[in-house]
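Visitor: Structure in structure tokens, see below.
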Amino acid sequence: MALSIHVNGRTEQKQFQEPVENPEFDYSQRGQWLRAAVLGANDGLVSVSSLLMGVGSVKQDVKAMVLAGFAGLVAGACSMAIGEFVSVYTQRDVEMAQMKRDGEKRSPVVDENDRKMEKKERLPSPGLAAGASALAFSVGAVLPLLAAAFIRDHKVRMAVVVVVASVALMVFGVVGALLGGAPVAKSGGRVLVGGWIAMCITFGLTKLISLNGM
């Protein structure tokens with residue numbers, strides 16, 4: 001914006017810049033840890049809930065359900081940690097190789113080493129990503145497992161597992177949508193329906209196999 005100022009018969013033009021509004025927060029910056037946390041918790045919840053429903057379709061013994069659920073928790077947490085470690089380490093290797101190629105193309109400058117160190121510090125840590133993924137999976141998996149462990153009546157136990165899993169799935173979906181700036185209702189509903197489908201398929205197929213004598 002230009003402003004005219006009269007000084008001793010002369011007109012001077014002063015330029016004033018309009019204040020720039022703060023840019024909106026970039027939700028993609030949360031992508032790495034948000035993806036690991038939300039997917040890990042959802043995977044743990046859906047996997048163990050479906051496993052409990054599958055075992056519960058053929059076994060009424062609470063001990064069998066709890067043991068199967070605990071085995072699923074441990075195996076799933078280890079699988080998530082290893083998968084995340086390999087994935088992030090591969091990404092880190094690719095970015096390091098790209099940084100090396102970019103450094104060879106540039107003419108040498110004094111602060112080149114400092115620039116490389118700064119970029120390395122911003123790279124994701126495979127160990128932290130693996131730990132976060134395993135922890136998130138365990139948090140999601142332990143919810144239906146605890147719900148099933150303290151209920152003796154078989155039908156009530158199965159119903160409680162479904163209710164606890166449904167509530168937790170909705171909460172995870174809503175929290176993920178809020179943190180990621182996505183539509184809350186659509187995100188929560190998608191996560192909830194997906195969990196229901198997984199539990200129904202596991203229950204139905206396990207029941208079908210048991211009826212056929214396998």
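From the backbone N, Cα and C atoms, a Cβ is placed for every residue, glycine too.
For reference, TrEMBL lists these features for the protein:
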- 1-21: region 'Disordered' (REGION)
- 65-89: transmembrane segment (TRANSMEM)
- 100-122: region 'Disordered' (REGION)
- 127-151: transmembrane segment (TRANSMEM)
- 158-179: transmembrane segment (TRANSMEM)
- 191-209: transmembrane segment (TRANSMEM)
Visitor: Cβ under 8 Å to the transmembrane segment (191-209), counting only same-chain residues 6 or more beyond its ends: which ones?
Guide: 42, 45-46, 49-51, 53-58, 162, 165-166, 169-170, 172-173, 176
Visitor: Counting only residues 6 or more past its boundaries, what in the same chain has a CB within less than 8 Å of a CB in the transmembrane segment (158-179)?
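Guide: Cβ under 8 Å, 6 or more out: 27, 30, 34, 38, 41-42, 45-46, 49, 52-53, 56, 140, 143-144, 147-148, 151, 186-192, 194-196, 199.
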